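Below is one structure, written out as structure tokens, with a few remarks after it.
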Amino acid sequence: MAEDLILERCDLQLEVNGRDHRTADLCRERLVLRRGQPFWLTLHFEGRGYEAGVDTLTFNAVTGPDPSEEAGTMARFSLSSAVEGGTWSASAVDQQDSTVSLLLSTPADAPIGLYRLSLEASTGYQGSSFVLGHFILLYNPRCPADAVYMDSDQERQEYVLTQQGFIYQGSAKFINGIPWNFGQFEDGILDICLMLLDTNPKFLKNAGQDCSRRSRPVYVGRVVSAMVNCNDDQGVLQGRWDNNYSDGVSPMSWIGSVDILRRWKDYGCQRVKYGQCWVFAAVACTVLRCLGIPTRVVTNFNSAHDQNSNLLIEYFRNESGEIEGNKSEMIWNFHCWVESWMTRPDLEPGYEGWQALDPTPQEKSEGTYCCGPVPVRAIKEGHLNVKYDAPFVFAEVNADVVNWIRQKDGSLRKSINHLVVGLKISTKSVGRDEREDITHTYKYPEGSEEEREAFVRANHLNKLATKEEAQEETGVAMRIRVGQNMTMGSDFDIFAYITNGTAESHECQLLLCARIVSYNGVLGPVCSTNDLLNLTLDPFSENSIPLHILYEKYGDYLTESNLIKVRGLLIEPAANSYVLAERDIYLENPEIKIRVLGEPKQNRKLIAEVSLKNPLPVPLLGCIFTVEGAGLTKDQKSVEVPDPVEAGEQAKVRVDLLPTEVGLHKLVVNFECDKLKAVKGYRNVIIGPA
């Protein structure tokens, strides 16, 4: 009788499997695999080798605290002649003496997570068990049978493997891309993402069921959407919008997700202070990409927060055009969420592809502060009965704005604007540092028959109010125009551009006002206004009325959003009519310049020289540069400028870098001081092999 088969050791083939599964950055010390794709193991036995027909090798793969075959969290499979796609299987490919090379496969719908792999080796009636090791299983966008399959290699590279990108802010008229370090493959991030799943209330309530459902990206996306905010659970980020961040970090100061996720872990899964929409979205993007789900951050400019799902944002204004009363429904200058790519087997066919998920805590969904996933196609078609949260997302990009302006006699005059909400919906382009406009994926062209049909469906299914017609045109129109030099620290002019398209004169009065505004629409102090101007608009005339805005009036009050709202109200008393025009102005920050000193080689020290010219008429105090970059820095680094920086002078520091990864990387920089906040910059750095 043959002696027992004794395993000496198991080689998990980290390098080969990491390369094949596109997990090399994660496979330095443990095995990380993508489901539905074969992987290699090498078994080294003591004494004699494996003999087919004499020895039986049986494998066990388990995940979660309560594994079961019925739940799909435990699999038992024996060595076969060839690996079988779509199931757990193993095959001996090569044998040299007492060493055997194995190819194993996993199902494309297996639950993701941490697995323990063990071996039962039996000879006759005797046998022994051995733990081969642990591996982490992720979603696989390269596997056609996986729910997250994406057929474009360029898109897979961008939406799963790329660790840096841009998030778009500012206003619809001036879009500003800020660099962000997602860092999904940085040290410890994968473990933190798995910890996040194991901290969610559904896992704590029924761990076995939760682990089983991790086979479905729809489920995991919804869990991540809830766990990135802390409103119902031990989530990652606490939101705050009141510009008081002294006991935490200002949302505008973050430059990457890595520091946030590491803080959450180091704090014992206690909330990190503070986040706003783009921070929530960026952290969700990091987690979902890390787990293997193709994901991108999306910005919607002029985004509606419609609480009662009537597709109307109503503003009640006084005679000067200032908003009064309840401000719970607002138009945000911009709002960010994420889109993830997946099939929707829980819905009828046709809803696969990009799904919107919003981790910013706004409204509850099925009792939890989360939103989505909802198919972007459902939003475009007005299919508001499709899971999850379609009415809320539809309103964000399609609501109408109704202005009620109080007249001198106390009556209210109404106007509707159909064209304000859901503009310039933006994301980073694939493979390029440029913005891609994806508005067409959410909305049909304004005024098209397809748009009308989508609104008919939305109004019918959600029992929404019928759209009302805009007030009758008077032939007088007004727009807010901007001048040149719209930069932080400058004095500048804006203009009320008024046209009379009729053959008659119009006697009008004009009010112009500029106020500080936060990105979520909350108004601050007035920084410029004019007295009531009496105007005579000649037939077919054009008029341009300036309003001067001084740094000394806005500098101490501007929020980190760098936004000023200009409002013009043109009143024609004789016709009892008015024209309201508003525009949000973004003040551009100074440029951060980055020079890389030294030869950019792997594991060779580099120096980054980072500088910024003071654009203000006053000195800058407490200047500090913070830098980070996946593959360039192990941790975030901050360097202070010891002396005040006078007007027109340079703030300059040098930062040591030690690149660990070959290829293209982004060094992301944030600058802060007493007068300038959240100034961002970046530099692409190509690292060559040592």
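Along the chain as shown, residues are numbered 1 onward.
Using N, Cα and C of the backbone, Cβ positions are placed for all residues, glycine too.
Listed in Swiss-Prot for this protein:
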MOD_RES   Ala2  N-acetylalanine
DISULFID  Cys230-Cys370  disulfide bond
ACT_SITE  Cys277  active site
ACT_SITE  His335  active site
ACT_SITE  Asp358  active site
DISULFID  Cys370-Cys371  disulfide bond
BINDING   Asn398, Asp400, Glu436, Glu446, Glu451, Glu542  Ca(2+) binding site
MOD_RES   Lys467  N6-acetyllysine
BINDING   Arg479, Ile480, Arg481, Val482, Gly483, Gln484, Asn485, Met486, Arg583, Asp584, Ile585, Tyr586  GTP binding site
SITE      Tyr519  site 'Important for catalytic activity'
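Cβ neighbours within 10 Å of His335 (active site), excluding its own Cβ and spanning all shown chains: 25. It is Arg583 that, of the binding-site residues Arg479, Arg583, has its Cβ surrounded by the most other Cβ atoms within 10 Å.
Among the recorded positions Asp358, Cys371, Asn398, Asp400, Glu446, the residue whose Cβ has the fewest other Cβ atoms within 10 Å is Glu446. DSSP assigns Gly483 (GTP binding site) to coil, not to a helix or a strand. Ranking the recorded positions Cys277, Arg481, Ile585 by Cα distance from Glu542 (Ca(2+) binding site) puts Arg481 first. In sequence order, Ser426, Thr427, Lys428, Ser429, Val430 are the residues near Glu436 (Ca(2+) binding site), counting only same-chain partners six or more apart with C-beta under 8 A.
Other Cβ atoms within 10 Å of the Cβ of Cys230 (disulfide bond), summed over all protein chains shown, number 22. Comparing Cα positions, His335 (active site) lies closest to Tyr519 out of the recorded positions Cys230, Asp400, Tyr519, Arg583. In three-state terms derived from DSSP, Asp358 (active site) belongs to neither a helical nor a strand segment and is classed as coil. Residue environment of Glu451 (Ca(2+) binding site) contains 16 other Cβ atoms, counted within 10 Å of its Cβ in all protein chains. Nearest by CA distance to Cys230 (disulfide bond), out of the recorded positions Cys277, Asn398, Glu446, Asn485, Ile585, is Cys277. Reported as a whole number, the C-alpha separation between Cys371 (disulfide bond) and Asp358 (active site) equals 5 Å. Sequence-distant neighbours of Cys370 (disulfide bond) (same chain, 6+ residues apart, CB-CB distance under 8 A): Arg222, Ser225, Ala226, Asn229, Leu357, Asp358, Pro359.
Once Cβ contacts within 10 Å are tallied over all protein chains shown, the recorded positions Cys277, Ile585 are led by Cys277. When secondary structure is read from DSSP and collapsed to three states, Cys370 (disulfide bond) falls in the coil class.
The two recorded residues, Arg479 (GTP binding site) and Cys277 (active site), show a Cα separation of 29 Å.
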